[in-house]
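TrEMBL has this to say about the protein:
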- 50-88: domain 'RING-type' (DOMAIN)
- 151-205: region 'Disordered' (REGION)
- 158-173: compositional bias 'Basic and acidic residues' (COMPBIAS)
- 215-287: domain 'PDZ' (DOMAIN)
- 301-337: region 'Disordered' (REGION)
- 301-312: compositional bias 'Basic and acidic residues' (COMPBIAS)
- 314-337: compositional bias 'Polar residues' (COMPBIAS)
- 342-425: domain 'PDZ' (DOMAIN)
- 426-448: region 'Disordered' (REGION)
- 431-446: compositional bias 'Basic and acidic residues' (COMPBIAS)
- 470-555: domain 'PDZ' (DOMAIN)
- 605-691: domain 'PDZ' (DOMAIN)
Amino acid sequence: MATTETKVAGSGSTAGLSWARVCKECGQQHEGLDCHLYEYQDEVDDELVCHICLQPLLRPMDTPCGHTYCFHCLSNFLKEQDFCPVDRLRLQLHQCRPSSLLVRNLLDKLTVMCPHSAECQQQMQRCELQPHLHNRCPVFRRLREEAEKRKRPSWNELKGRKGDVESSGDAKHSTTQSRNPTRDQPEPGLINPAFEESEEDNTPLRSSLVAESIVVELFREEPKEELGLRIVGGKDTPLGNIVIQEIVRDSLAARDGRLAPGDHILEVNDVSLASVPHARAISVLRQPSLLRLTVMQEKGFKTRDPRSDHHASSCITSTASQPSHSPHVNATSNHNPGTVLQVTLMKSLRTEPLGIKLIRKSEESGVFILDLLSGGLAAKDGKLRNNDKVLAINGHDLRHGTPESAAQIIQASEVRVNFVVMRPADAQEEGGSREGQHSRANRRPELQYFRRRSTYMKDPPGGFSSQEKTVSLKKEPRLSLGITIAGGRDCRSRLPVYITSVQPVGCLHRDGTIKRGDVLLSINGVDLTQLTYNEAVSVLKTQTAQSQVALRVIQTLSEDSGEDAEAASKDELDAADDPRDDALNWTPLWTRWLGLPSPMHWCRDIVLQKTNNESWGFSIVGGYEESHGQQPFFIKTIVPGTPAHFDGRLNCGDEIVAVNGATTVGMNNASLIPMLKLQKNKVTLTVVSWPGSLA
C-alpha cells in the first residue's frame, strides 16, 4: 500500500489564488499541461499508482505488455521515447487502450479533500470533486465572482454600459489590439458589420472585441471515434481559416464542453492550420488518439457609452431593464421565427427550486422548457412558457447545451437567475393560452418558407466547378446497379441525393465512371434533384428493373494548382477512405458542395431583428475583388451576445445569396456594407447552408 499526498504544499491556503490560475477540474494551481493534483485521504493500493508520476492513476491506459500509466504521463513519455518505462519493450501510444471500467471506477471512488481546506473541509469521492468545486465550494465560487466583476459584461448584459473612466476603456482597447493585431487591417474582401461604427449619436461605443486563445486536448478512446466537429473553411475557400460550424450532440467534443460553433482552429498537435486546404485540415483532425487543439474563441465585444444612463443589468437584445414586458420586446413580437426575451427569477433562498422541467429535442439542438410545475417559482412569475428555447442562463451560452448543464448552472446560482429565451412566434400570438400542449414540431411553419429551391443564379467560388457525367448501359433486369445513396430534400440540410458507395458487385463499378460523392441528376429521364430520400429510392428501383439504364450525375471539382493540388487531392482521398466511414454514414467534404450549380441549391430566409443600434453580429468574407474576381459572400464569424448569435440559425460557412430579396451577385464591399447598415431593426438574409465536414 502507498500513502499518496498532493504535490502542492500548503494548498489549503487561499492566499494568492486567482480564477485565471486555478485549475477548473481539480481546483489546484498547476501548469495547464501538467497532471491534475488531488489530496487523497486514504492509502492507495500500489496497483492503482502510475509508475511514472507515482500518483494514483488519472485516465489510466494499459500497455500491451501489461503495465498501466496515466494517459498524460504516458503520452508525454512517448513523445521522447519509444519503449515502455518499466520493461523497455517497444511501445507506441496507439497500441495502448483505456483500462477496464472496474479500474476506472475504483480510481473514481478514492476519497479526496477539497483543495481549499482552509475554508472548505469537505471530503468526497474523486469523481465528485469537480461538481463540488463548481456548485458548492465557497472559495471556488468567490474566485469566480471576483473574476466576473473584473472582466467584461456577460453576453446577456446591455452593451451600452456607462464607462467608469474614459482612459480605462482606451487602455483596454489598446491591449486588445496588441493581442489581436490583425483586427486593425482586415483581410481583403472582409465585410464586418459586427464592428462597423454607426453615425448616430446614441450608438454605444465599441471599445474592444474580447477574444482568447485556448488549448483543448481531446482523446479518442477508440481510433474510429469521431470528435463530433463539423468543419468549414480552408485556404482553398473564401473563408480562409478553419472554423467549427457545429458540435454534434453527445459527441466527444460535446461531452468535453470547451469548444463551440464559431471557434477558429489555429493548430492541431503543433501543426498550423493557417494556410492548409480544407481536405488537409480534415485529415489532420482525423488523427487517432490524442489531439491538442489551439483555438481562438470570440467572446463578444465590450462596449461603453459615456452618454448613457443605463445600468449594466439589461438584456443585450433590449434597452429596457425588464424586457419581458417592455415596448422594445413587444415591437419584435411579430418576428416570424420567434422573439428573444430576458426573464429574471428571484429565489427567496439559494436552495429554492424554480419548478422548471427542461428537455432536449431530437430535431433541434439546445435546451427547451417542457413544463412549469404548478405552484413553482417560474409558474408564479408567469413570464417563462412551455416550449421556450433556453439560449443562456446567467451569461452561460446554452444554444448547444444540455438540460444537465442547465440544471448545474441553476443549482450553482445565488438568489438571482437570469434566463435568455427564444419564444416561437405563434406562442407569442397565443398569449397566455395553452400553448404548452402543442410541440414545436407540430407548429412548424410552412417548409417552403425555410427551405426552397434557389432562384438566385450565381457562379461557384473561385477554384470550384462541376461537370456532368452520363452512363448508358444495358443490363439484366434483375442485376443491381450496385450503389447506395443518401441525402434527399427531406433530410436536415435539404441535400440533393448523392452516392455514398459503389459496390464492387454492381454493373456501375465495372464501368468506372460513377464515383462516391457524385450527385444524382436523373435516371432514364426522370428528374431526381428535388426528391426526398424515399422517393429517390422508389424511382431508382423502378427504373433499374429495365434492361436499359441512362444515369446522369454531377461531379464537383476543385481547381488547385501545382503541389497544393496534388497534396489536397491526396488528403481528400485519405479523408474519403477514412476507416470510420461506411456507406451508411459517409458524407462528402464541405468543399464538395461548393461547386454545385445554383439550380441544385436550396435556400432559406432568416429574419433577424434588433431593438436598438447594436450590430447584427456577423462578419462576412467575399464579394468582388480585382485580384480574385467575383466571390460569394460567406459568413465567417458570429459574435456572441448579438442578434445573429441569439437567433441561432445562421452558421459559419453559410453563403448569403440575397439581402431583403436583392441578390448579392456582383456586389462588392462598398455595396453590401451600406445595405446592411441601412436595415435599422430588421433584415432578411437568404442563405444557402451546406453541412460541414465531419471530423
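Backbone N, Cα and C atoms are what each Cβ position is placed from, and that goes for glycine too.
Small disclaimer: the values here were computed from a predicted structure and weren't measured.
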Quiz item: Do the domain 'PDZ' (342-425) and the domain 'PDZ' (605-691) come together with 3 or more C-beta pairs under 8 Å, pairs six or more apart in sequence?
Solution: yes
Exercise. State the residues, same chain only, that lie 6 or more residues beyond the ends of the domain 'RING-type' (50-88) and have a CB under 8 A from a CB inside it; answer 'none' if no residue qualifies.
Key: 2, 4, 7, 33, 35-36, 38, 40, 44, 95-99, 103-104, 107, 110, 126, 219, 289-290
Quiz item: For the domain 'PDZ' (342-425), what does DSSP give as the number of helix, strand and coil residues?
Solution: 16 helix, 30 strand, 38 coil
Quiz item: How do the residues of the domain 'PDZ' (470-555) split into helix, strand and coil according to DSSP?
Solution: 17 helix, 34 strand, 35 coil
Quiz item: Do you know the DSSP helix, strand and coil residue counts for the domain 'PDZ' (215-287)?
Solution: 13 helix, 23 strand, 37 coil
Exercise. Using DSSP, break the domain 'RING-type' (50-88) down into helix, strand and coil residues and give each count.
Key: 10 helix, 8 strand, 21 coil
Quiz prompt | Secondary structure content, the domain 'PDZ' (605-691) (per DSSP, counts of residues) | solution = 15 helix, 37 strand, 35 coil
